[in-house]
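Q: Before I ask anything, here is the structure I am working with.
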Amino acid sequence: MVDPITLLIMVLAIGIGGLLVSIGVHFVPVGGAPAAMAQATGIGTGTTMLAASAGFLGLISAGLVMEEMMIGKIEYASFVAAVGDGTLFSPAGIVANIGGIAMILAAGIIGAMLMMVILGGVSNILYVYGLGVPLVSAKVKYDPITGDRQDLYVTRGTEGHGTPTVALVSAVIGGILGGFGGSLIYLVFLAGGFSVAAAAIGAIGIFFVNSVLASYNITGTIEGFHDPKFKRWPRAFVASAIASIIIGVWVAAIIYMGVA
Amino acid sequence: MSEHKDMSWNTLAAIGMIGGLLAIYIAYFVNNAMDVAYGSFIGAIGAIFAIVWGADAVRQICKYGIGTGVPSIGMLAFGMGLLTTILGLKIGDYTGIVLAGPVLALVLSLIQGAIIGYIANGVLKMKIPTMQIGMIFIAGSASLILMAFSTVMAGTFEYGAFMTDIIGTGFIAPLFILGALPILHPFNACLGPDENQKRTLTLAVESGFIVTVIFGILSIALVGLAPAAITIVLGLIAWVFGYLSYWNRVKECGVVIKDTGLLPARED
């Protein structure tokens, strides 16, 4: 039997995780089909798929570190014990094992960041050497990070092409938030007694809900934090908070009844 | 193009819910009463009912253009339906009334869909009039599809079997994506000004059966060769029928092109 305070913390942690995923999605430069044809800035696919790929790699790397702790390659006996008896998210458990939690979250963040950089970087290689287009955004005149002039290089009739510096940096920030949120949710599931497979698929389910809600808020393409659409994030914040906490309550109910 | 009236989505919802639940219960009873797994294929029939229901709901929402592509909605449906389904089945398991599980899972998913639908229209201001009911319906159909294909693969929808045989084996990953495909793909493939309900839903049935065949193959590992073979063979036969009737619908809806020949090289 898991005590109510721990359950409450778990619900909140799922809520926070979902929120981070949702905000992270707003940072990811999504260009959709136009970007695949070098007619818009961003990575040429939909938000859901991008968020999912970042989330999956985040989960894989979080799972890897988790496994290394479980088999003793990384020695952290109290963390393993806390995950085993479901006390990881009790107030005392968090204080005692903050290092372990941080390690898992860091692994998730690194995985998701890597995925975003690979997605942005490889598509840039294709844009530059395959299609011969410069990497520019049409939404801003000067790149907010490098200060490079952009409007001169935008092909007429397009919204820019490739993933320029600011969009790539934005993607990395998106990866940080998404990886953090995803691995936090994953850890809650594991601490609640779910099997590794169940924890992963549960985290992916919540990831999908939040990334789709975020992309409904964006409606189409976004370039990153310099995009005018980015101002809409507060709406996604409220939406994801409600959605994630409700899902968190379902999860807490399952944990309360005992997962096994 | 033939003139026809669309079936109302409430009718389809009723058919989907009742048909879906009935089929998985019948499969469960057949398997439990005779202590075999030969009834597993009946679950697939329930999945088809739920798929037709879900595909129509996707159609009604995406008609308005959601700006993110149709596939995202299938992932949302399964994201919403997965945990509520597990919770519903768990309550059935916890209280000892296993048969209540699927009904509870469906009800909880409908509630979850209502909340997400409210968020989409009320908070995100998507202004899609069919969003609220559509979300309720796709969450419900996702939950039924999960339980129906779980019955196909493991021969039961019980919580324990769902957690070990479906999730523990990793079969949940194809179930998540392939289960969503037949509800998101038909409208994505058929959308456009001449989209019509019959053609889209025929495609839903066709893709539902091909997915059934895949789950039939996976079920070899869980229920054994003979029950799995029934699912695979019946699924393949049904798929051929589904494919041919979809092909006919496509031809019905297609524009007739008359060959008039090339212009003569010089005027005679």
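Placement of Cβ uses the backbone N, Cα and C atoms for every residue, glycine included.
So TrEMBL lists these for the protein:
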- B:12-30: transmembrane segment (TRANSMEM)
- B:36-58: transmembrane segment (TRANSMEM)
- B:70-91: transmembrane segment (TRANSMEM)
- B:97-121: transmembrane segment (TRANSMEM)
- B:133-154: transmembrane segment (TRANSMEM)
- B:166-187: transmembrane segment (TRANSMEM)
- B:208-241: transmembrane segment (TRANSMEM)
Q: Near the transmembrane segment (B:97-121), which same-chain residues lie under 8 Å Cβ to Cβ, leaving out any that are not at least 6 residues past its ends?
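A: Result: 17, 21, 24-25, 28, 76, 80-81, 84-91, 127-128, 131-140, 142-144, 147, 157-159.
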Q: Which residues, given as numbers and ranges, are at least 6 beyond the ends of the transmembrane segment (B:70-91) yet have a Cβ under 8 Å from it?
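A: Hits for the transmembrane segment (B:70-91): 54, 58, 61-62, 100-109, 111-113, 116, 135, 138-143, 145-147, 157-159, 162-163, 176, 179-181, 183-185, 187-188, 191.
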Q: Please give the sequence-distant neighbours of the transmembrane segment (B:36-58): residues at least 6 beyond its ends with Cβ less than 8 Å from one of its Cβ atoms.
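A: Hits for the transmembrane segment (B:36-58): 7, 9, 12-13, 15-17, 19-24, 26-30, 70, 73-74, 77, 133-134, 137-138, 140-142, 144-145, 147-155, 179, 182-184, 186-187, 197, 200-201, 203-205, 207-209, 211-212, 215-216, 219, 223-224, 226-228, 230-231, 234-235.
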Q: Output the single range from B:12-30, B:166-187, B:208-241 maximising the number of Cβ pairs under 8 Å to the transmembrane segment (B:133-154).
A: B:12-30
